[in-house]
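Record features, source TrEMBL:
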- HIS24: active site, tele-phosphohistidine intermediate (ACT_SITE)
- GLU100: active site, proton donor/acceptor (ACT_SITE)
- ARG23, HIS24, ALA25, ALA26, THR27, ARG28, ALA29, ASN30, ARG73, GLU100, ARG101, MET102, TYR103: substrate binding site (BINDING)
Amino acid sequence: MNTIILQNTKNIDHVRFNLTLVRHAATRANAEGTIQGLIDTELSNIGHLQSQALGQYLQYHRFSHIYSSDLKRAAETARQIRAFNRVSSCKIQYDSLLRERMYGIAEGRTRQWLRELAKESGIPYVNFTPPGAESTAQVRERVIKFFRNLCHELLKNSRTNLSVKFYIPNSLSQENNEQSLLRSISSENFISSQQTITNLIRKRSLSTGNIQIKLITNMIKTTSYQSSSFDSALDLLSVSSDQQSITSSISLLSRRSSFEKQQNLSKDLLHSSYKNNFSDFDILIVTHGAIIREFIKYFVYDLQVDIGQYLDTIQDIAPNTSITRFKVTYSINDDLNSMTTIKLIDYHNKTHLINSNNDKYNLDVVNKCSL
């Protein structure tokens, strides 16, 4: 059977994404003011409640990618967020670049002990690096490496998914707009999916008077992330790069697109805490206080991001499970020079921890290790 192949060859030189930074939930060490660093501590009872509250707060927000430090306290927080989420299809990707700062001999010691050591050394606390520890500059290098890797990967995915092929049987080429309902396939899926669609086409029965199409249920195993700019709370069809199979029932003569179906499905759902009419991707990063601080400092000092009134608190550690959110546009010109534009959307938001009706149930506890 003959096939018409159309290809969109438009080049893309930029990618837009929302970036959400979340600090892990509380541990006993946090409550006691103990420096953890690379000590692999677990969440406390209050920490589990915090991560569950955060998961409920974000349950209708679709993340296209979720990254986490591989240390237990961050990983468990990320798992709770993912477990509560009803609209994300991606799996968590763990990355050692997102680990907490290594504090050397200060690990297991109190923050006050470290302050005294810095004072004895004659070095301001904010600039002091204890023996065996990473410097803040080294931590920022890790942050920059992760961020640049992320930007490059998302840009690559955007370029891949703009090269789209549509497979249209000759017998249907005169049918008004029905051909638009055929599934689009990224170039990475071309070989495996061409045979799948060919098999589906054979299942149709054609008559001389009209075209009778059988409802076909097919299983397509994807190997690349399908990007979308639809509202994050509605785009339930997006598939992540972790190779997740999806089942799609497609009627070639149906006028209802999958997005329209999801619009109807989501009428009874709560909206996401954050509106997303901006991005191609929506990224969640669950990490540690020092890492989030260096992300913000990198954005402000290197990329000239305006954070307004929060500039005076740039050295503060983010509260446990707090949300800091940015809109990012990353572009590369013809000379391969990159440019990054970032806008602050939310800063250390901990609304989900506060019970305005009963202070007894507030989860916004004082973190002695942040003082």
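Each Cβ is built from the backbone N, Cα and C atoms, and glycine gets one as well.
Feature map: TrEMBL annotations on the structure.
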| residue | record | contacts (Cβ under 8 Å, 6+ apart) |
| --- | --- | --- |
| ARG23 | substrate binding site | VAL286, THR287, HIS288, GLY289, ILE292, ILE317, ALA318, PRO319, ASN320, THR321, SER322 |
| HIS24 | active site, tele-phosphohistidine intermediate | LEU43, GLY47, SER51, SER69, LEU71, ARG73, ALA74, GLU76, THR77, VAL286, THR287, HIS288, ASN320, THR321 |
| ALA25 | substrate binding site | LEU43, ILE46, GLY47, HIS48, GLN50, SER51, LEU54, ARG73, GLU76, THR77, GLN80, ASN320, THR321 |
| THR27 | substrate binding site | GLN36, THR41, GLU42, LEU43, SER44, GLY47, ARG73 |
| GLU100 | active site, proton donor/acceptor | GLN36, GLY37, LEU38, SER69, LEU71, THR287, HIS288, GLY289, ALA290, ILE291 |
| ARG101 | substrate binding site | GLY37, ALA133, GLU134, THR136, VAL139, HIS288, ALA290, ILE291 |
| TYR103 | substrate binding site | ILE35, GLN36, GLY37, LEU38, LEU114, PRO130, ALA133, GLU134 |
So the record assigns ARG23, HIS24, ALA25, ALA26, THR27, ARG28, ALA29, ASN30, ARG73, GLU100, ARG101, MET102, TYR103 to substrate. If I measure every Cα pair among those residues, what is the longest distance in angstrom, as a whole number? 20
